[in-house]
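A.B. asks: As listed in Swiss-Prot for this protein:
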| type | residues | note |
| --- | --- | --- |
| DOMAIN | 44-281 | domain 'Peptidase S1' |
| DISULFID | Cys69-Cys85 | disulfide bond |
| ACT_SITE | His84 | active site, charge relay system |
| ACT_SITE | Asp130 | active site, charge relay system |
| DISULFID | Cys164-Cys239 | disulfide bond |
| DISULFID | Cys197-Cys219 | disulfide bond |
| DISULFID | Cys229-Cys257 | disulfide bond |
| ACT_SITE | Ser233 | active site, charge relay system |
| TRANSMEM | 293-313 | transmembrane segment |
Amino acid sequence: MACGSVDPQGLLSPPLSSARLSNVPHVEGPWFWSCGQTNISCKVVNGKVVEVGKWPWQVSILFLGMYICSGSLIHHHWVLTAAHCLQRSKNPANYTVKVGVQTLPDNSSSELLVTSIVIHENFINHMSHDIAILKLKYPVTWSPFIQPICLPEVNFKPSIGTMCWVIGWGLEKAKGAPKTPYSVQGVAVRIVNNEICNHRYQFLLLKNQKKFIGNDMLCTSPEWGLDTCQDASGSSLVCQMNKTWIQMGVVSWNFGCGRRQFPSIYTSTSHFTQWIKRQIGDLKFASMAVPSFLSPFILTGYILLVSLGSLWLL
């Protein structure tokens, strides 16, 4: 669905749904059946007709009220992001999260409180295990514009050359920064072999270090001259399989903006699936061959992991 050339008359839909906070059991709307789904519609934002609901898992993370990183909803209570985003402070009270945000800066959405931050115990300053999760004080209720992203099964990685998308606000061309306010964007990238990635970054190797890009990382190259840049940290790298979006990576770092010779580096989510499950702790497996047959009540409060040919409800 493209909105750019559509006449804005008659497209003034209601404002984006804010997260509804509640302590009662969740009852999802009839449109919700799994993770990794989109509900695209057109809306006038700052005088322009834009697509909304295209990346409903995307969240903005704020430190003392200022945007610092992106993240993604993986659970009613939990947000996935990069560990280096949370180095400013270990105090969860300093962080808040906004969901359902289309443009930055955003003054219309409520800031959701964070009760705990979990940084991977082996995290080393972008070089390894750059992954973290935030726990929200109150559960987020799904809506057409606020939904979770799927996570891959353990150690599953997309094939080399697969086209995926990086989602976030810190995406730009090699020259020229985006003007604010600007909308959440998605740019196409292709998966690059880690060995090629290591060769490109060999000048960064320390003495006696054999490789720079480990198995816990993924690499991509820009498809159309656009790539991750500043403020993109923590954003999701998503790939579509069987009409379902799966988060394969978390933006970690890159060398410059949009330089094809220097791939962008991501934390591989499949490498940390078990770690995420251990941290959240309330997970239960349930195989489902046909996700739409599941009751909305069953979906309540869990993460969805995806394997090829089936979905896994945790």
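Placement of Cβ uses the backbone N, Cα and C atoms for every residue, glycine included.
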A.B. asks: Expressed to the nearest Å, what is the distance separating Cys164 (disulfide bond) and Cys219 (disulfide bond) at their Cα atoms?
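C.D. replies: Spelling it out, the Cα of Cys164 (disulfide bond) and the Cα of Cys219 (disulfide bond) are 11 Å apart.
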A.B. asks: Out of Cys197, Cys219, Cys239, the disulfide-bonded residues in the record, which is closest to Cys85 (disulfide bond) when you go by Cα distance?
C.D. replies: Cys219
A.B. asks: Using the structure shown, find which entry in Cys69, Cys219, Cys239 (the disulfide-bonded residues) has the sparsest Cβ neighbourhood within 10 Å.
C.D. replies: Cys239
A.B. asks: Round to the nearest Å and give the CA-to-CA distance linking Cys219 (disulfide bond) with Cys239 (disulfide bond).
C.D. replies: 13
A.B. asks: When the Cα-Cα distance from Asp130 (active site, charge relay system) is computed for each of the recorded positions Cys197, Ser233, Cys239, which gives the smallest value?
C.D. replies: Ser233
A.B. asks: Near His84 (active site, charge relay system), meaning Cα within 10 Å, which of Cys197, Ser233, Cys239 (recorded positions)?
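C.D. replies: Correct set: Ser233.
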